[in-house]
Amino acid sequence: MASPALISETEAWKDLKAHLEGIKMTHLRELMGDTERCQSMMVEFDNIFLDYSRQQASPDTISKLYKLADEAHLKQKIDRMYNGDHINTTENRSVLHVALRAPRNSAICSDGKNVVPDVWSVLDKIKDFSDRVRNGSWIGATGKELKDVIAVGIGGSFLGPLFVHTALQTDPEASKNARGRELRFLANVDPIDVARNISGLNPETTLVVVVSKTFTTAETMLNARTLREWISSALGPSAVAKHMVAVSTNLPLVEKFGIDPNNAFAFWDWVGGRYSVCSAVGVLPLSLQYGFAVVEKFLQGAHSIDQHFSSAPFEKNIPVLLGLLSVWNVSFLGYPARAILPYSQALEKLAPHIQQVSMESNGKGVSVDGLPLPFESGEIDFGEPGTNGQHSFYQLIHQGRVIPCDFIGVVKSQQPVYLKGEVVNNHDELMSNFFAQPDALAYGKTPEELKKENVSEHLIPHKTFTGNRPSISILLPTLDAYRIGQVLAIYEHRVAVQGFVWGINSFDQWGVELGKSLATQVRKQLHGSRVKGEPVEEGFNFSTKTLLTRYLQATSDVPADPSTLLPNII
């Protein structure tokens, strides 16, 4: 008998639906009172401790989720990914970001070819180049050392590397290696982003890394041309070859741009943009800033989770457990959002990166076979570090909509602070909140408890907390390069698990394309109106035509053929 076309047609899905009502009637106060249950919902791998006991789930729920995973052929799908099968079916590609952090002697194949030697060829090239820049043997056009780097890219070429960079900035080893150096990321085509990136920098000491697989990404290439003009206007056109390098596979366009093809670093079609931080996209700028040795530890951390994900049984498998619980929260309990709440300022860019990884991967409305999904999938991801978020949006999480939360804590701070006479040190103050918030969400506060505290009758409705709000807690021993790699890989694989269970393609992003094609029409209109004075055509709807006309009229002082003008900011 053929497998059902949709996971929602399986017996395991229907069983979970039937199981749902009993769980909804059981409060987390009751579930948390079962010590045996709580112990069964704690998992440890490599000193990473996961506690999912504050999920609205019983041991029976978890067993039923394992059955759902079996009916979704989760293990087989994971194996197919690692084996290089073309699981990105709409683009007919392998999905092998795990190969980017595999040890040199590994064998991971795509289309019958072991891709690991190619990966390490690029990594060796990055190490050699970054070492030469850092030790001063590669210098700029005027003989000065290149101390500042601007990485130009957008989407996955920006968010992932920015997350890792921000996380490493205050790590003792990484910060020591980065002393006297600066790394910036230029992503938005908004000229304000250009101005902010070049502010305070000297073209003589700046190296630009242009990240575009095809070297045709509209926003990235306009920003790259802008920085090329910034460099050449100060140092002459010939300086571009010494001050700009590329991460791309389109060597003819790289050379045409003015960059020596020998200074181009490759990556491959089997690397999706949002999964590319472990390729030259992230490794090159991060190695220039922190040295290759630090970045290699980051890759090793990610690889440790890759091994764990591919080999650990589901009941001990952190990404699998997290992915299954997300499916439970989204598709059964009906919670559309998730808050990522790291109690470490170093992880402040984790949520924006995972927002892209998750929402671009699983923001789909059809199955891999093109069938409309009759259930909710995908999550709205957001977050801020604690305790900042507590003074921002936690109000809604406590007393408004139910939003499952990921609390991430670190045992040892990157930068400990102790003040004589204080009740606790700074990190303990932070962690006090990390431990308290999940319980506040789970237990809440009842009217009866408030009455015992002699709270005024008219305030009781306002001070009542319903509780029963799910969360997971992850406790990391430290936050160094290795652990940062582990955090990245846990979330990458969690997203894949969700997509595998839902039966969607988590590795394409056709939703990005429609807006791009419509922007081409607008770009053509803006050019025609600026240069030839053409009125806005009838091809636009009334609303867009009105907005475009208003914009053009208000910016009529923009010259049709302007002289080059670069941002003027000190």
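Quick reminder: no glycine exception, Cβ is built from N, Cα and C everywhere.
Under the DSSP three-state reduction, E360 (active site, proton donor) is assigned to helix. Residues or ranges marked as active site, proton donor by Swiss-Prot on the basis of similarity to another entry: E360.
H391 (active site) falls within a helical segment according to DSSP. Other Cβ atoms within 10 Å of the Cβ of H391 (active site), summed over all protein chains shown, number 10. Annotation source Swiss-Prot lists active site at H391 (among others), citing similarity to another entry.
The feature active site is assigned by Swiss-Prot to K516 (among others), with similarity to another entry given as support. Long-range C-beta contacts of K516 (active site), restricted to its own chain and to partners at least six residues apart, with a cutoff below 8 Å, comprise A218.
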> DSSP three-state call for K516 (active site): helix, strand or coil?
Replying inline: helix
